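Each remark here refers to the structure printed beneath this line.
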Amino acid sequence: MGENTVPQKSSDNVGSIVALMVALLVAIFAFQLNASMLSPALVTMQAQLHTTASSIALTQTIFFTAAALFALFLPRLADLIGRKKVLIGMLTLTMIGCLISGFATNVGILMIGRILQGAAGPVVPLCLIILHVKVRDEKRYAKLMAILTSINGGIAGVDALAGGWLVSHGGFRSVFFVMGITAALAILLVSFGTQESTAKDTPKMDWTGVILLVVAMGALLSAVNALQGSFGNLGLPNWLLASILALLGLICFVGFWQVEKRVNHPMVPIHYLKQRRTWGLLITTLLTMTGVFAIMNGIIPALGQDGKFGLGLGADMVSLVTLTPYALAGLFFGPVSGFLAARFGFAKVLRVGLLTTIIGIVLAVAGVLQPSIWLLLLVSTFIGITYAGITNIMLNGLGIVLSPEDNPGYLPGLNAGMFNLGAGLSFIILYAVPTVLHTSVGGSSSGYISGIVTGLILVIIAFFTSFLIPDSKDCKINLE
């Protein structure tokens, strides 16, 4: 018997697994819609709320920051008080946030709503933990886990198109109401389709450690956002504000480390932080996300729209050529990578994903040298398979299967934080390097190339750090 308790009536029959998968899929949909469905509504929100583009952009920043911070501790809290209970609570807060945002009359109320919507941040790792408790066979789990995580990445692009249709027919509020309805449906399905489980040992939550870790990560994420100019209206230079926030984050992390060494039941035992299963995975996730995210969500779309050095496509056409095939390729290949992980192991498939992603990024450089719509489509589809369909799924899966028996929630939470931190760092680093070289992304072909090559170098480093990640069998993982 392992370190998780499951209901006495728990069974692995097909009907219960199908009900569980449907419930978890809709819960993940509810999070994904909050993350990406709003993109086409931003300009309309600015007009209808009589505010500025920077204020609306800040509401997006606040949502993603809140999502990252909730992900740090809610999976561990779920270990202690019940995963089903916490998932329903997260979805309830998300639904309330959607309603507040939908009825918002000014940007201040909208920000409150978006913060509450950020409670959905750890939905994916928590759903993967719930699935792992139910499905004890590692090979079967790998296949089902891949379906959940590929769906999470796969509707990006499609949901944005749906968001655009809703905005044009019902205004931005209709988008929030659809998000709220989806969250309500998820609450209903999770209530009836999942069973409660906790860790075997359920001491009190280490709230001192939680506060210090949340402030530390929040300060670091805010420092990244400050470098991007998200808080420019505070009157301080971006570099100075970022430095202050980074120092605050460092101080709080040192405090977190000291607290965790002294309390009887730490949120994250220090000996786990020192193990390769923790820092090996977190470093690889951070490097990978930093290397890939801005390429696929910034540089490649910008190249498609660039009339001088690229193809001069419209925004809608660029989405159809780059973002949508990238997402759909990940969706369709995800189950295949799950099958491969079940046969060869998560770590080996991760390395294949990273190696082929490196090849895809090299193709992206060719796309700059000889721009064509077919080459951009090929690059987007290829990296959609190798990153969204393989690498991203394996990184999420490793966060679950490498988690220790007595603390299965800490690693998925920290891993989610690295995904979010990497997304922010990606736009800073990949756009800063061309500036150092006296060019810019969009300013010349060499600007695009230097940004992409920077990402390429980071992913190459991630490939080598992936060899630091131990095999799950070496960690004696057993979540039964």
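Just so you know, glycine gets a Cβ as well, placed from its N, Cα and C.
Record features (Swiss-Prot):
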- 14-34: transmembrane segment (TRANSMEM)
- 93-113: transmembrane segment (TRANSMEM)
- 115-135: transmembrane segment (TRANSMEM)
- 147-167: transmembrane segment (TRANSMEM)
- 174-194: transmembrane segment (TRANSMEM)
- 207-227: transmembrane segment (TRANSMEM)
- 239-259: transmembrane segment (TRANSMEM)
- 280-300: transmembrane segment (TRANSMEM)
- 358-378: transmembrane segment (TRANSMEM)
- 382-402: transmembrane segment (TRANSMEM)
- 417-437: transmembrane segment (TRANSMEM)
- 449-469: transmembrane segment (TRANSMEM)
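Long-range Cβ contacts of the transmembrane segment (115-135) within its own chain (Cβ-Cβ under 8 Å, at least 6 residues beyond either end) map to 4, 6, 10, 12, 16-17, 20-21, 24, 27-28, 30-31, 34, 62-71, 74-75, 78, 83-84, 86-87, 89-91, 93-94, 96-98, 100-101, 141, 144-145, 148-149, 152, 179, 183, 194-195, 197, 396-397, 399-401, 403, 408-409, 412-413, 415-416, 420, 479-480.
Residues 61, 65, 68-69, 72-73, 238-239, 241-243, 245-246, 248-250, 252-253, 255-256, 259-260, 263, 266-268, 417, 420-421, 424-425, 428 of the same chain lie 6 or more positions beyond the ends of the transmembrane segment (207-227) yet place their CB under 8 Å from a CB of it. The transmembrane segment (358-378) is in contact with the transmembrane segment (449-469), judged by 3+ CB-CB distances under 8 Å for residue pairs 6 or more apart in sequence. If one looks beyond the transmembrane segment (449-469) by at least 6 residues along the same chain, the residues whose Cβ comes under 8 Å of a Cβ in the stretch are 276-277, 279-281, 283-284, 287-288, 290-292, 294-295, 299, 347, 350-351, 354-355, 357-358, 361-362, 364-365, 368-369, 398, 402, 426, 429-431, 433-434, 437, 439, 441. Listed by sequence, the residues of this chain that lie at least six past the ends of the transmembrane segment (382-402) yet keep a Cβ under 8 A from its Cβ atoms are 124-125, 128-129, 132, 138, 141-142, 145-146, 149-150, 153-154, 277, 281, 284-285, 288, 292, 295-296, 325-334, 336-338, 340-341, 346-347, 349-350, 352-354, 356-357, 359-361, 363-364, 408, 411-412, 415-416, 419, 469-470, 472, 475, 477, 479. Taking every listed stretch (14-34, 174-194, 417-437) in turn, the largest tally of C-beta pairs under 8 A with the transmembrane segment (93-113) is reached by 174-194. Below 8 angstroms of C-beta separation, residues 64-65, 67-68, 71-72, 121, 217, 220-221, 224-225, 227-228, 282, 285-295, 298-299, 395, 443, 446-448, 450-452, 454-455, 458 of the same chain, each at least six residues beyond the ends of the transmembrane segment (417-437), sit close to that stretch.
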